[in-house]
Amino acid sequence: MVFLSGNASDSSNCTQPPAPVNISKAILLGVILGGLILFGVLGNILVILSVACHRHLHSVTHYYIVNLAVADLLLTSTVLPFSAIFEVLGYWAFGRVFCNIWAAVDVLCCTASIMGLCIISIDRYIGVSYPLRYPTIVTQRRGLMALLCVWALSLVISIGPLFGWRQPAPEDETICQINEEPGYVLFSALGSFYLPLAIILVMYCRVYVVAKRESRGLKSGLKTDKSDSEQVTLRIHRKNAPAGGSGMASAKTKTHFSVRLLKFSREKKAAKTLGIVVGCFVLCWLPFFLVMPIGSFFPDFKPSETVFKIVFWLGYLNSCINPIIYPCSSQEFKKAFQNVLRIQCLCRKQSSKHALGYTLHPPSQAVEGQHKDMVRIPVGSRETFYRISKTDGVCEWKFFSSMPRGSARITVSKDQSSCTTARVRSKSFLQVCCCVGPSTPSLDKNHQVPTIKVHTISLSENGEEV
């Protein structure tokens, strides 16, 4: 990260003419570092646009990801170009004042990025541990306050050298060296890396424990019966639920379990994606924060200039690879990236021609007819359906819950009297409204046709989302 690379520790305070530049080496470094910087800038811009242009990504978790992308974008656009020029030329060409400002901005952006990952880890712990209460715990206001605290703490850590907390600067202004003042190195290493890292590791360890426990609990509630057609039926049982009770209470229990399973599966998948981000962060930054304090407190063990430059740029690399991680580990981001690259911004509502249309036959026919895998479970005056199609150990689970008629735009097909077609726009995961109509068309124009909200999710045999 941070305080700036430099090879000034072996230089004198006397002004010396810059060494001649090796042209072939400069061109090679320029191409490699320039490509890395360009990739980081464009990738982080793509992350920001993907969230900004898709309403279903307008959540507190994704705002944290945008904050991470903003910090990385500032680093790759305002710090890395000067770092690359420094490496290519072999000396600092922008003066002492700008060297100090550049160093402070470097520390600011890197610290904000690391603390942003810390906030994300806490967010994922809450999401996995309390999936149903998450929206009330993590509100937009609290999310904004957390981000303000991140940048405030980052600013406090970064401005110390601007107020004199550093070793005396060399007289030669072509030298822009790293701040090796032991007190500041310890303060910045603890505040910028080790304390956030400790929080991140604790949070993700707890996420792992909770996810394992919840997966076992949810799996125990899935009772399946195999048939010759390799179709299985989902039966929901609420743990510790009373044996007796009204049908309404039982139905509410089943619905609550289903919603809990959906929310937990989504939060767990998000935690996996961001866990990969954190893993890459540790691999990129840990070498630097091991080398830096050792070189400051034990000069005899200071690594060579080449080793220092490698671990220094390895930390910078972290700000460029996050945009690769999102689409590779999240289908949600992959589709959002594709839409942005195709200039298909979805800020506005999609037109009806892009809406998903589904036709559903009456449930009585589905249960008694050819669709033996469709099970009808009464939920009060409404209905819930569960279906699992088993293929190579992967099951597709569909949860149908009734919803108000006004939530979907309903059109009755004149050619198909056995069903009614409903259309609705998909959101963060597949959400489709289907209408179950009577087997014969109704003569009453004001007849209220019930609608059904469909949630589709793929589960493996152990109940985990795939």
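Using the three backbone atoms N, Cα and C, a Cβ is placed for every residue, glycine included.
Pulled from Swiss-Prot:
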CARBOHYD  Asn7  N-linked glycosylation site
CARBOHYD  Asn13  N-linked glycosylation site
CARBOHYD  Asn22  N-linked glycosylation site
TRANSMEM  28-51  transmembrane segment
TOPO_DOM  52-64  topological domain 'Cytoplasmic'
TRANSMEM  65-88  transmembrane segment
DISULFID  Cys99-Cys176  disulfide bond
TRANSMEM  100-122  transmembrane segment
TOPO_DOM  123-143  topological domain 'Cytoplasmic'
TRANSMEM  144-167  transmembrane segment
TRANSMEM  182-205  transmembrane segment
TOPO_DOM  206-273  topological domain 'Cytoplasmic'
MOD_RES   Ser215  phosphoserine
TRANSMEM  274-297  transmembrane segment
TRANSMEM  306-329  transmembrane segment
TOPO_DOM  330-466  topological domain 'Cytoplasmic'
Cβ packing number for Asn22 (N-linked glycosylation site), 10 Å threshold: 12
Result, the transmembrane segment (100-122) in contact with the transmembrane segment (274-297) (3+ CB pairs under 8 Å): yes
Highest-contact recorded stretch vs the transmembrane segment (306-329), from 28-51, 100-122, 144-167, 182-205, CB pairs under 8 Å: 28-51
Other C-beta atoms that fall within 10 angstroms of the C-beta of Cys99 (disulfide bond): 21
Per-region confidence, the topological domain 'Cytoplasmic' (123-143) (mean pLDDT, whole number): 88
Alpha-carbon spacing, Cys176 (disulfide bond) to Asn22 (N-linked glycosylation site), which is rounded to whole Å: 20
Nearest-integer angstrom distance between the alpha carbons (Cα) of Asn22 (N-linked glycosylation site) and Cys99 (disulfide bond): 23
Cys99 (disulfide bond) in three-state DSSP notation: helix
For Asn22 (N-linked glycosylation site), the three-state class that DSSP assigns: coil
Neighbouring C-beta atoms (10 Å sphere around the C-beta of Cys176 (disulfide bond)): 27
Counts by DSSP class (helix H/G/I, strand E/B, coil) across the topological domain 'Cytoplasmic' (52-64): 9 helix, 1 strand, 3 coil
